[in-house]
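Asks: I am attaching a structure below and will ask some questions about it afterwards.
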Amino acid sequence: MSTSQLPVWPQSALSPNHLNHLQNSAATYAFANSILLKQASSTGVQASHLPFTLLPSPFPRDQFEKATRIQTAYNQLYINIASSPELIREVLGKSIAKVDPFVGRLYEIWETLEKEEAEEEVSEHVSLGIFRNDFLLHQEEPNKPLVIKQVEFNTVSVSFGSLASKVSALHRYLGGLTTVFNRSQLPDSPNQALQSICKALRMAHQHYVSAQSPNKPAAILMIVKPNENNIFDQSLIEFELDSEPHSIRVIRLSCNEILTFTTVDPVTKKLFYKDAEMVKWEVSVVYYRSMYGPEDFKGDDEWKGRYELERSRAINCPSLSMQLAGCKKLQQIMTEREFLATHQALLMAHIEPSEWEELRSTWTSMYSLDDPRGLQIANDPNQAVDFVLKPQREGGGNNFYGLQIPPFVAGLPASERESYILMSLIKTPKNVFNYMVRPSPIRPTHESHLTDDAQHLNVPVPTEIISELGVYGFCLLSRKRTNPSPLPPGGPGKSTVNTLLFNFQSGHLLRTKDSGSGEGGVAIGISCLDSPLLV
């Protein structure tokens, strides 16, 4: 049964004393369970608790279940894209790679390696996908059903899985301290995002060990930003993988140190890391928690490092083809009827028709600026007010909303228009409130009048919110190229066999922000981690 209206939330105002009790209990739980962000300090490691909501936020049960149900089909769709060099060349090589310098450089490395691998006698390329599919609730008109609409499909450096699991447990704990909600309203099983990320990495590691028979200790290499403030989200993965009885070493390496500490064997193409004690480790999996934006590439060394990691035998998470598949252009062009008609067989491979229709129902209107219709909308303030303009790259913070769009597009050279995508704004439900707990108070744009007790206790105030649901998906792809044997004179060249070794969904993330905010990053204090209260 579809939901047309979220309940009034919270259903009654919480007294300042009750808010203070819940806030203090939640903060204690957060510090005790590593729900933390690293703070800049010259004297050592300092941390504050991560921004979180004091209560879970209402979300329609049927739409939550739909989002999790269709994730494996979404995984398959993006695997189909990543497995098709012809499609990547057609969509990105002829346009986006020429106008977006960052995507262009990634594409150039990918194309170089495609040619190098084509010359090898037998080549197997294994890549791991740790994906997150982000959705907002959409209501076309009052009293119409609330439905999920896709915001984006993230294929590289997806974050907050570890801390999402911890915040789900935090709200389960708080459910025992208040009558405002109870634990039965939370998702039936604990949020397994952290455990599932580790499961996928462990299975990829085991596949490498089985296939490559390393004669050195094997480890997972996590590529991170220097001075990462979200280190606790990453370290929880490291500690989980290091747990007994099947401990796997995780090595953190900054993206600017790749060439210094790693080497690729010229014959076997195995990737090795040598630590400070001169112990040599064979790298099974390269897990990127950085290198998704141009800010991580300060010079040629970082680009050379990315090339070396990709050309090695190590399993990249993600591979360049998976990273390129996450470009917004591919998300946009799949909404075009003509493109779908031409490429439907490729895109729908291994996806059931019913899954395909459910998947497509989550898409919203999208346009390219090289499309006359898209350019017309972008230049007209009356139409642009209902849209958001997005660049190709992931990472957030680069979008233009509504009336920001026309002046930006007016100053954009025609040659750069193709690097942006116009997406219709998702109409999120109104009048949903929650309490946002931050280390230092940031007053909401819709601040209500504070009572004297509330001011004295410094408790959070009800804030109108927007919540974004992220669903995690995992897959391991083997791509083998072999020459026909015997090779007929003048006959066909290499054949490619793609094998999906696993494909599963587990875990979720809910991020909530003040409804007056455009962008919403948890690590910069705008959004808060949340949990869905299923209604």
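The count begins at 1 with the first shown residue.
Cβ atoms are placed via backbone N, Cα and C, with glycine included.
Feature list, courtesy of TrEMBL:
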- ARG132, 156-159, 228-230, GLN234, 289-292, ARG511, 522-523: substrate binding site (BINDING)
- GLU152, ASN154, GLU394: Mg(2+) binding site (BINDING)
- GLU152, LYS328, 390-399, TYR401, 423-426, GLU468, LYS513, GLU519: ATP binding site (BINDING)
- 219-325: domain 'Glutathione synthase substrate-binding' (DOMAIN)
Asks: DSSP on SER159 (substrate binding site), three-state: which is it?
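Replies: The residue in question, SER159 (substrate binding site), is coil (DSSP, three-state).
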Asks: Take every residue in the domain 'Glutathione synthase substrate-binding' (219-325), average their pLDDT values, and give the whole-number result.
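Replies: 97, rounded to a whole number.
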Asks: Please identify, from the binding-site residues TYR292, TYR401, the residue with the sparsest Cβ neighbourhood, meaning fewest other Cβ atoms within 10 angstroms.
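Replies: Each of the binding-site residues TYR292, TYR401 was scored; lowest Cβ tally within 10 Å is TYR401.
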Asks: Could you tally the C-beta atoms, other than its own, that fall within 10 angstroms of the C-beta of GLN234 (substrate binding site)?
Replies: 21
Asks: Per DSSP, what is the residue count of the domain 'Glutathione synthase substrate-binding' (219-325) in each of helix, strand and coil?
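Replies: The composition, in the requested order, is 36 helix, 31 strand, 40 coil.
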Asks: Consider the binding-site residues ASN154, PRO391, TYR401, LYS513 and say which one has the Cα lying nearest the Cα of SER290 (substrate binding site).
Replies: ASN154
Asks: For PRO391 (ATP binding site), name the DSSP secondary structure in the helix/strand/coil scheme.
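Replies: DSSP assigns PRO391 (ATP binding site) to strand.
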Asks: Could you work out which of the binding-site residues (LEU425, VAL522) has its C-beta surrounded by the smallest number of other C-beta atoms within 10 A?
Replies: LEU425
Asks: Please classify the secondary structure at LEU425 (ATP binding site) using three-state DSSP.
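Replies: Where LEU425 (ATP binding site) sits, the three-state DSSP reduction gives coil.
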Asks: Sort the binding-site residues SER159, ASN229, GLN234 by C-alpha distance from PRO391 (ATP binding site) and give me just the closest.
Replies: SER159
